[in-house]
Amino acid sequence: MASLASKDSYLQKLAKKVCTQPSQEPRKRKNEFIKRDGSEEPGQPNKKKKKKPRNKKMKAQSDKRTWNVPQITSNPQKLAKNGQTPSSTGTAASSFSTVDILRKRLQEKIQESRSQLSNKSLTPEDAEKRRQRRKQERERKKRKRKELKKKAAQEPEGNEVKDTKESPETTKEKDPVPIVFNNVEVSDELPNKVMQKKAKKERVKGTITPMTGKNYKQLLSRLEARKCKLEELRAKDEGKAKEFESKIKWTNVLYKAEGVKIKDDEGMLKAALKRKEKKQKQREKRWDKRTELTADRMQQRQDKRRRNIMKKKQAKVDKKKNRARKKGRILPEDLAKANFK
């Protein structure tokens, strides 16, 4: 009996274990329905908010996606006949539709880029116009290059002709003129407008510098040098001396016509120099007097300042002595005065 009872209890336990086996379902996450605060709500899962499309483009894309998605049959019987479950068919259809959409988009982008690069989008008339325009531009550039080459070839020839024309004139104008050292100019640069004017003036008026300015000492020395030169020329050749004198007179006349004062009179220059020296001496005397006066005034002011300072000091001492006398003190000065009296 005991063995039967033990067998019966064993079988009952085994049956319970078999009946109460857990169903093999996919494990759920532990924290599936945990709020942000940390509190759990097992029965109420968080609802995800649907994002609205931001602009029209997004809406259009979403519409395209909905159109291209094939409709899934909702009848489970038909699916069962075909040997497919509803979940498996839905996932397959959705994946198929997304791949198609992506491929279509890629093809559209490739076509757009090709149309931008190539001229297929252009009409044949537009393409022909563009070709003609490019051809004209090339021809214009060729013509321009040829013109530039011709100009470059012609320029040196023109310069040579000018040099040949100007050379006889320069040979005629070149005469033996005495060198004036203060007018020598050396320059490797091309002649600008100022230099051209200067050269023209020299051609017309000559290279002799006019006697102008207020530096009378220098003018006198130049006059003496000119006289010495004339005497030397007269000793050698009177014709050259006369030519030199006529050139000097001609330059003086031209400068006077422009309104420039010519100071070539020796007596007047000496008188002007004396006047200038006299005025300079007078200025020096005035300056000396002024410096002496200013020094005397400064000394007087200093003396006055010292006297005032001494007076103030003496007044302070007298004030202190008077206070002491009022308090009943007898000062040595008072004793001396009493004995003297």
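Each residue, glycine too, has its Cβ placed from N, Cα and C.
Straight from Swiss-Prot, the features:
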{"type": "REGION", "residues": "16-98", "note": "region 'Disordered'"}
{"type": "COMPBIAS", "residues": "46-59", "note": "compositional bias 'Basic residues'"}
{"type": "COMPBIAS", "residues": "68-77", "note": "compositional bias 'Polar residues'"}
{"type": "COMPBIAS", "residues": "85-98", "note": "compositional bias 'Low complexity'"}
{"type": "REGION", "residues": "110-184", "note": "region 'Disordered'"}
{"type": "COMPBIAS", "residues": "113-122", "note": "compositional bias 'Polar residues'"}
{"type": "COMPBIAS", "residues": "130-149", "note": "compositional bias 'Basic residues'"}
{"type": "COMPBIAS", "residues": "150-176", "note": "compositional bias 'Basic and acidic residues'"}
{"type": "REGION", "residues": "191-210", "note": "region 'Disordered'"}
{"type": "COMPBIAS", "residues": "273-284", "note": "compositional bias 'Basic residues'"}
{"type": "REGION", "residues": "273-341", "note": "region 'Disordered'"}
{"type": "COMPBIAS", "residues": "285-302", "note": "compositional bias 'Basic and acidic residues'"}
{"type": "COMPBIAS", "residues": "303-329", "note": "compositional bias 'Basic residues'"}
{"type": "COMPBIAS", "residues": "330-341", "note": "compositional bias 'Basic and acidic residues'"}
> With DSSP helix as H/G/I and strand as E/B, how many residues of the region 'Disordered' (273-341) fall in helix, strand and coil?
Replying inline: 64 helix, 0 strand, 5 coil
>> Can you break down the compositional bias 'Basic residues' (130-149) into helix, strand and coil residue counts using DSSP?
In response: 20 helix, 0 strand, 0 coil
